[in-house]
Amino acid sequence: MRTFAVLLAASLAVAAVTAEVYFEEGFKDDSWQKTWVQSEHKGVEYGKFVHTAGKFFNDAEADKGLQTSQDARFYALSNKFTPFSNKDDTLVIQFSVKHEQNIDCGGGYLKVFDCSVDQKDLHGETPYLVMFGPDICGPGTKKVHVIFSYKGKNHLINKDIRCKDDVFTHFYTLVVRADNTYEVLIDNEKVESGSLEDDWDFLPPKKIKDPEAKKPEDWDDRATIPDPDDTKPEDWDKPEHIPDPDATKPDDWDDEMDGEWEPPMIDNPEYKGEWKPKQIDNPAYKGVWVHPEIDNPEYTEDKSLYLREEVCAVGIDVWQVKSGTIFDNFLITNDLEAAKKAAATVKDTQEGEKKVKDAQEAEERKKAEEEAAAEEAAKDDEDEDDDEDNALPGEATEVEDEGHDEL
């Protein structure tokens, strides 16, 4: 019994140790300026990030993140941390995005790098391990990117995952497991899942069409055939067009000058088109021939598709036409429950944002109405002044008449 208790305690201790937070950033103060590195890649004028909760928020301090602040700019900022491997373990990548500017075209994704990344030279062609998050450009592109680098090549997911396109905060979560499966969550709700091998083109297909196989020459794949006993009716053939029987030669028609008159042609109502025999079931039909497949000699299973041997940095590397996106709540861990707990705050955040935004818009409408009323009143006063200025000599105005006897 004592031995069992010791083993249980040891197993619980191991389980506790295995829950790791490799990177976490909530931008609660200005310390981010010491840990995040701005790229200085030559030839690019990078936009500036500002530390703010934005125009509307649930908590003015807790909701602070990094916001893009200049239109039509590239942005490149990264943070290195203690490297780790997700070998035989779950990898969870999570962060929040708030497109409060109602973005029309721009990225809202993050990139994960190994330790070889040059933070001062970070740019769009810098190799990365994972690219994940929303990307919006017009009505046609509103997707969640999930891109993995595998053997030096970037592979996009074969599925279309739609991102959120409103102006409020949303949490994006990517889960990669050691059994080569994955999940994508938005605001703690699963929006996609499956197999890494099935949903990305990392590997050649397991099966290929047998190059030696050919459809037999006598294979009949016609489901129906013309009825050999069907014959064309004797009265079938009719001309497609006929002379108009109602047409008459004009009175001024001169055969010598105009040539022989011919009535115009019209569609023949009795024309039935080209005759074809009716179709009947083909007694020799064998079905659709299916090309047999064989094992692909170029295919080799890879049980480590999930594996990233050295995870060392995270960065924002995007282009935005219209700035205003706030990035926040970065979390890289092996503990999905911890990530879900962090993302569980999103509902309260969204409700607070909506409340403040609605109040701001109500105040703006009220102000606009007051300004419009003031402008209308000023216009009326101006019109009255014009009426007084335009009055004829000796003619009393309405204003002058009030409370006075006519002289």
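Our numbering is plain: 1 for the first residue shown, then up by one each step along the chain.
Each Cβ is built from the backbone N, Cα and C atoms, and glycine gets one as well.
Residues or ranges marked as alpha-D-glucoside binding site by TrEMBL: Y109, K111, Y128, D135, D317. Listed in sequence order, K111, V112, F113, V117, S149, N154 are the same-chain residues at least 6 apart in sequence whose CB falls under 8 Å from the CB of Y128 (alpha-D-glucoside binding site).
The compositional bias 'Basic and acidic residues' annotation in TrEMBL covers 207-251 (among others).
Residues 55-59, 63, 98, 167-169 of the same chain, all 6+ positions outside the compositional bias 'Basic and acidic residues' (348-370), place their C-beta atoms under 8 angstroms from a C-beta of that stretch. Under the heading compositional bias 'Basic and acidic residues', TrEMBL lists 348-370 (among others).
The compositional bias 'Acidic residues' annotation in TrEMBL covers 371-390 (among others).
According to TrEMBL, the feature compositional bias 'Acidic residues' maps to 397-407 (among others).
As annotated by TrEMBL, disulfide bond applies to C105-C137.
The feature region 'Disordered' is assigned by TrEMBL to 201-256 (among others). Residue counts for the region 'Disordered' (201-256) by DSSP state, with H, G and I taken as helix and E and B as strand, are 2 helix, 9 strand, 45 coil.
The feature region 'Disordered' is assigned by TrEMBL to 345-407 (among others).
The signal peptide feature in TrEMBL is assigned to 1-19.
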Just how many other Cβ atoms lie inside 10 Å of the Cβ on K111 (alpha-D-glucoside binding site)? 27
Give the sequence-ordered list of residues that share a chain with Y109 (alpha-D-glucoside binding site), lie 6 or more positions from it, and have CB atoms under 8 Å from its CB. M131, F132, G133, P134, D135, H145, V318
For D317 (alpha-D-glucoside binding site), write down the residues of its own chain that are at least 6 apart in sequence and whose Cβ falls under 8 Å from its Cβ; none is a fine answer. S39, F74, Y75, A76, S78, K111, L122, H123, G124, T126
What does the DSSP secondary structure composition of the compositional bias 'Basic and acidic residues' (348-370) look like, as residue counts for helix, strand and coil? 23 helix, 0 strand, 0 coil
In sequence order, which residues at least six apart in the same chain have a CB under 8 Å from the CB of C137 (disulfide bond)? D104, C105, G106
Shell list (alpha-D-glucoside; ref centroid = CB of Y109, K111, Y128, D135, D317; cutoff 8 A): G107, L110, M131, F132, G133, H145, I147, G315, I316, V318
